[in-house]
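Annotated features in Swiss-Prot:
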BINDING   PHE30, ALA64, LEU65, GLU66, CYS88, ILE89, ILE90, ASN121  5-amino-6-(D-ribitylamino)uracil binding site
BINDING   GLU93, THR94, ARG135  (2S)-2-hydroxy-3-oxobutyl phosphate binding site
ACT_SITE  HIS96  active site, proton donor
Amino acid sequence: MLDANQGTLAASDSRLNGKKLRIGIVQARFNEPITNTLAQACKAELLALGVAEKHIDLVQVPGALEVPVALLALAEKLEYDALVAVGCIIRGETYHFELVANESGAGVSRVALDYQIPIANAILTTENLAQAIARQTEKGRDAARVAVEMANLLSDI
């Protein structure tokens with residue numbers, strides 16, 4: 001079985017140098033205790049990777065389905081090197097979970113491809129609150145690292 005950290009870079013790797021980058025974060029407020037922790041962990045990691053605080057913008061939207069339209073608005077500004085989608089969808093008793101998870105994920109991917117901008121997707125999709133709590137900090141940090149690495153990669157291509 002593969003370790004969850006397989007494929008991660010050392011913090012000293014130049015691909016994780018965020019000093020010249022501008023990053024936008026879109027946070028869904030639904031399940032806010034989880035999404036607050038995700039966003040805080042993401043921002044803390046961006047700062048640790050050298051992204052200046054003044055170059056990190058955070059906008060909030062009601063829920064995961066609204067994340068793609070806010071990402072689109074940020075992408076259209078052409079001011080960001082990468083974006084991060086933050087949200088939390090916890091399975092309930094209805095089909096709504098699948099709808100929200102699938103549509104928000106597809107929307108995030110569409111914006112990334114249409115605007116050729118890296119978007120780290122930290123919209124958690126979990127079976128229960130305990131799974132979300134267990135992942136909230138690590139996935140926020142992971143999203144920051146993905147955003148910085150992909151922004152640097154695209155600038156080098």
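Counting begins at 1 with the first residue displayed.
Note that Cβ sites are derived from N, Cα and C of the backbone, with glycine treated the same way.
Here the structure is a predicted model, which means the values were calculated and not measured.
Sequence features annotated in Swiss-Prot and their locations in the structure.
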{"residue": "ALA64", "record": "5-amino-6-(D-ribitylamino)uracil binding site", "Cβ neighbours (10 Å)": "27"}
{"residue": "GLU66", "record": "5-amino-6-(D-ribitylamino)uracil binding site", "Cβ neighbours (10 Å)": "18"}
{"residue": "CYS88", "record": "5-amino-6-(D-ribitylamino)uracil binding site", "Cβ neighbours (10 Å)": "30"}
{"residue": "ILE89", "record": "5-amino-6-(D-ribitylamino)uracil binding site", "Cβ neighbours (10 Å)": "26"}
{"residue": "ILE90", "record": "5-amino-6-(D-ribitylamino)uracil binding site", "Cβ neighbours (10 Å)": "17"}
{"residue": "GLU93", "record": "(2S)-2-hydroxy-3-oxobutyl phosphate binding site", "Cβ neighbours (10 Å)": "6"}
{"residue": "THR94", "record": "(2S)-2-hydroxy-3-oxobutyl phosphate binding site", "Cβ neighbours (10 Å)": "8"}
{"residue": "HIS96", "record": "active site, proton donor", "Cβ neighbours (10 Å)": "11"}
{"residue": "ASN121", "record": "5-amino-6-(D-ribitylamino)uracil binding site", "Cβ neighbours (10 Å)": "20"}
{"residue": "ARG135", "record": "(2S)-2-hydroxy-3-oxobutyl phosphate binding site", "Cβ neighbours (10 Å)": "19"}
Quick check for the class: what is the C-alpha distance, in angstrom and rounded, between ARG135 ((2S)-2-hydroxy-3-oxobutyl phosphate binding site) and ASN121 (5-amino-6-(D-ribitylamino)uracil binding site)? 13
Students should find that the Cβ of PHE30 (5-amino-6-(D-ribitylamino)uracil binding site) has, within 10 Å, a number of other Cβ atoms equal to 17
How long is the line from the C-alpha of the residue listed as 'active site, proton donor' to the C-alpha of ASN121 (5-amino-6-(D-ribitylamino)uracil binding site), rounded to the nearest angstrom? 20
Is it possible to get the count of other C-beta atoms within 10 angstroms of the C-beta of LEU65 (5-amino-6-(D-ribitylamino)uracil binding site)? 17
Per DSSP, three-state class assigned to ILE89 (5-amino-6-(D-ribitylamino)uracil binding site): strand
Of the binding-site residues ALA64, GLU66, ASN121, which one has its Cα closest to the Cα of THR94 ((2S)-2-hydroxy-3-oxobutyl phosphate binding site)? ALA64
